[in-house]
Amino acid sequence: MTIWLAFAVMTGIAVLAVLWPLSRRLPTRAGAVDQTAFYAAQLAEIDRDLGRGLLEPGEADAARAEAARRLIRASAGAAPATGGDSEPALRRRRAASAVALSTIPLVAIAVYGAVGSPGLPAQPLAAREAPRAGGMGMAEAVARVEAHLARDPADGRGWDVLAPVYLKSGRAGDAVRAYENAIRLLGETPDRLAAYGEALVAAANGVVEKAARRVFERGLAGDPKSAKAQFYLALAAEQDGRPDEAATRLSALIASAPPGAPWRSTVEAKLAALSAPAASAAIANLPASEQKAAIAGMVEGLAQRLAQDGNDAQGWLRLVRSYVVLGDQAKAVVAVQAGKRALAARPADVAGLEGLARELGLVEPAAKP
Amino acid sequence: MSVEVGHYALALALALAVIQVVLPFWGARARDAALMSIGPAAAVAVFVCVLIAFAALVKAHVTSDFSVVNVVENSHSLKPLLYKVTGVWGNHEGSMLLWILVLALFGALVAVSRRSVPEPLRTDTLAVQGVVTIAFLAFVLATSDPFARVFPAPAEGQDLNPILQDIGLAIHPPLLYVGYVGYSIVFAFAAAALIEGRIDAVWARAVRPWSLVAWIFLTLGIAMGSYWAYYELGWGGFWFWDPVENASLMPWLAGTALMHSMLVMEKRDALKVWTLLLAILTFSLSLLGTFLVRSGVLTSVHTFATDPGRGFFILCILVAFIGGGFALFAWRAPVLKQGGLFAPVSREGALVLNNLLLASACATVLIGTIYPLALEALTGDKISVGAPFFELTFLPLALALLLLVPFGQALAWKRGNLLGAAQRVVAALAIAVVGGAVTVAVTRGGPVLAVFGVGLGLFLVAAGVNEVVARSWSRGMPLSNALRRAFGLPRSAWGSAVAHAGVGVVVLGLAAQAWSVETLVTLKPGEAAQAGPFTVVLEGAFPRTGPNFNEEAARFRLIEGGAAVASVEASKRFYAARATTTTEAGIRTLGLSQVYVSLGDSRDGALGVRIYWKPFVLLIWLGAVVMALGGALSLSDRRLRLGVPVPSRRAQASLPTATPAAAE
């Protein structure tokens, strides 16, 4: 309600400011600039310059003559302003008052009504932080820890807290960075190493790269019973084309599983998938030309899906990698650009895509900064 | 509440601007003093409203009110306070609001500066200014609302583009905007003169301060932008012929021409129609400069956001004002009374030449800027028009113009004497030739153009000094007399001498860059590289944490002749919120020259470093400041101006005293 009161007061002042000149009785203003006054000023100035020795007497005469000629030329046909209380003048004033009185509030309210949100109070940061300290949302908590870490990046515990949250919310790159900081500041523990490896795998879109494998191996050396390290090493073996080793590792994992381990079903499913002839194996058995066509078909399918719904950051990363694997640099570059456009609303994902492009050496046509 | 009050104030400003246009314009047609006096009141009220809106937006930014979209997109709670404030205009919406604020400020200033402008002229001027205000307010409210809200408010903002997180943002845009918007007032005056159907010395006298103010600020704004690009972008260059830079150069060239043609108009009552055309042209180019960078046609640091709806609106505004301005000109210009004719060899003749050259230079820049855009729009071909084009087209015109400046300054009004003028600049010319010869001797050669540039710069500076000396001292006069006369000279004479000397200083700085040195090396701590007279030693690299960034800094020691003379620090910053990196060049000023160090990528403990030695580089920007100072001197001179024929000194007695018949 106060806000409408404020608007009313503002509108009132605005209308008054405009009506005020109408209410004044205007004398014919002294000193108003017209041609005659300008001429007089010019003559005065010529005399002043003559006095200061800037003009010779002859020059001064010439200047006066020129000023006079200009006055004659200029003052032909200038109509003086009217004012006062003649009948048409009064009628004009009344009409003007009516226009001002109606136009100002109408335009202001109409425009503001179309774009404003009068119900929404201002929410400065200080006011938003204080009352909700008890139950703040996840995003806000993350933002706060981030702010804390920006001020004090040497706080390992902060990174340790933040890393799993990043990983869960799909910010794998940030998670990797956070785990690295935590390990650097707090030291290695088998759990931390295993989680770090998991983040690396997530950042590489599920591929257990060499660096991640080393991390898991170090973790396993510290704690031979680490289920996470075992599982990912099995995955690595499978991806490297050694399904037997993978199966052995998984079987050992299941055998050593404590009763009621929550990950047991996942591992068993993975083991089952290993034994069954997978789709990938089917493709692997095709002749080379058909194999390529089949893969290209899958990639095309992915590209089409992304063209319709570009909101899948992981999908874009996979598409770019696939093009590079297929040796089609040009399409990969196009995919990076399309992905960046589609994900423009999420700078973190765009950065991820850019990072991948850099990593893969995809050169975009240079843009001017 | 403050955000919505600001929002409402903006809507109210729009309503008031409508009143500012309609009622006073009607009053001016009916010659009704009461109605006309609504104009100034409304203009002041519009300014107050826009000021409230701007203050509300600044408050939202400072308090990190993330319920405002504009704040979310361009601020961060950890950003230093200065950048929270400057971030207000470091984005499209906010910068448009600043534009409108300056626009309204100028309107209010015209409204309160009584006594200098005839009433109908001022009323029409304010009405035209009101039309501009309406267009901009409508644009902002319809397509770029700085007060758009979001609910629930995000926890943290997306931060400002790190390149813009710099003191330069506090200075460059406001200066440039005062320049651009200043020309809107000149445009409004020109349109008012066309509507009134009369233009005379009174008009020129009224417009002079506005044109000067706009020119001064535009000069400073361009210089500041150039210096900012120089130290922030890390390329070591100060002018890239980038379309965005050209967009600010074009109104400057046209505005410079306008300033000179207005002088002719005020002094000699001539060049009236041309002056009006230039006024319309200058504002058109200002609008183009403001919008070219926002339409999304150009990609640059200045492109804050692109949006097709916005682009269409912008196009409509451009068409309405540029087209409208020229249509008004075509319709009403024939009504105006032509002024006097004049002899080709005279000060005004020289100024016409100045105008022709400036206008041609402006046209070359316009072609170089617009042609690639037009070509891309029509055929889809991407071409880039860069330095080579401008060096071939713009440079000869500029050199010819600058070469003529001292001669023009030496010519008398009405009828000059070419030989006499040449005699007056002989001393300056001698200094220039000697200076060029010394340069050749000291540097053992060097590019011909650069040596010529040094000579030209000296010529201009010497001619500036000569201008004052010649007007206050004649042979055999005691020094005290000459000094008294020099101080008695009109400040506008001083202003012109200083401003032209400033141009010379800029030319000197530009020419000196031919001797700059660039080195690209990779250094490990302890290793050294050579840059001009200095040995640059990398002392070490170390990480550092700023308020909202982490940086990798490197310290260098400068050694000259075996002794350490200074140290310099450069860094690369990483801004986490935007995942962006910026380079902070390390600049060490030694006298008027600078050592400039910029960091590249590091590999295996070795740091990629670009080192420049830039002799006398500061002259470029100091010269611009001197030019602005000259403008300010001229601005402070409130006198009226009347051209006085100066007969040649010897023939004075024999001439009829008061009848300069030829010119009228």
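Just so you know, glycine gets a Cβ as well, placed from its N, Cα and C.
Feature annotations, courtesy of TrEMBL:
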| type | residues | note |
| --- | --- | --- |
| DOMAIN | B:89-295 | domain 'Cytochrome c assembly protein' |
| DOMAIN | B:315-638 | domain 'Cytochrome c-type biogenesis protein CcmF C-terminal' |
| TRANSMEM | B:38-58 | transmembrane segment |
| TRANSMEM | B:96-113 | transmembrane segment |
| TRANSMEM | B:125-144 | transmembrane segment |
| TRANSMEM | B:175-195 | transmembrane segment |
| TRANSMEM | B:207-229 | transmembrane segment |
| TRANSMEM | B:249-266 | transmembrane segment |
| TRANSMEM | B:273-292 | transmembrane segment |
| TRANSMEM | B:312-331 | transmembrane segment |
| TRANSMEM | B:352-374 | transmembrane segment |
| TRANSMEM | B:394-413 | transmembrane segment |
| TRANSMEM | B:491-515 | transmembrane segment |
| TRANSMEM | B:611-633 | transmembrane segment |
Quick check for me: are there 3+ Cβ pairs below 8 Å between the transmembrane segment (B:125-144) and the transmembrane segment (B:491-515), leaving out pairs under 6 residues apart?
no
Find the member of B:96-113, B:207-229, B:312-331, B:352-374, B:394-413 that has more C-beta pairs under 8 Å to the transmembrane segment (B:611-633) than any other listed stretch.
B:207-229
Recorded stretch that, among B:175-195, B:207-229, B:352-374, B:394-413, has the most CB pairs under 8 Å to the transmembrane segment (B:249-266):
B:352-374
What else in the chain is close to the transmembrane segment (B:175-195), if you only count residues 6 or more beyond its ends and a Cβ gap under 8 Å?
95, 98-99, 102-103, 106-107, 110, 121-129, 132, 203, 206-207, 210-211, 213-222, 224-225, 248, 251-252, 255, 258, 275-276, 279-280, 282-283, 286, 289-290, 325, 328-329, 331-333, 336
Same-chain residue ranges lying at least 6 outside the transmembrane segment (B:394-413) that approach it to Cβ under 8 Å:
267-268, 345-351, 353-354, 357-358, 360-361, 364-365, 368, 420-422, 424-425, 428-429, 452, 456, 459-460, 463, 466-467, 470, 496-497, 500, 503, 507, 643-646
Who are the long-range neighbours of the transmembrane segment (B:207-229) in its own chain, taking Cβ under 8 Å and residues 6 or more past its ends?
106, 110, 166, 168, 171-173, 175-183, 185-186, 189-190, 235, 237-240, 245, 248-249, 251-252, 255-256, 258-259, 262, 266, 279, 620-621, 624-625, 627-628, 631-632, 634-635
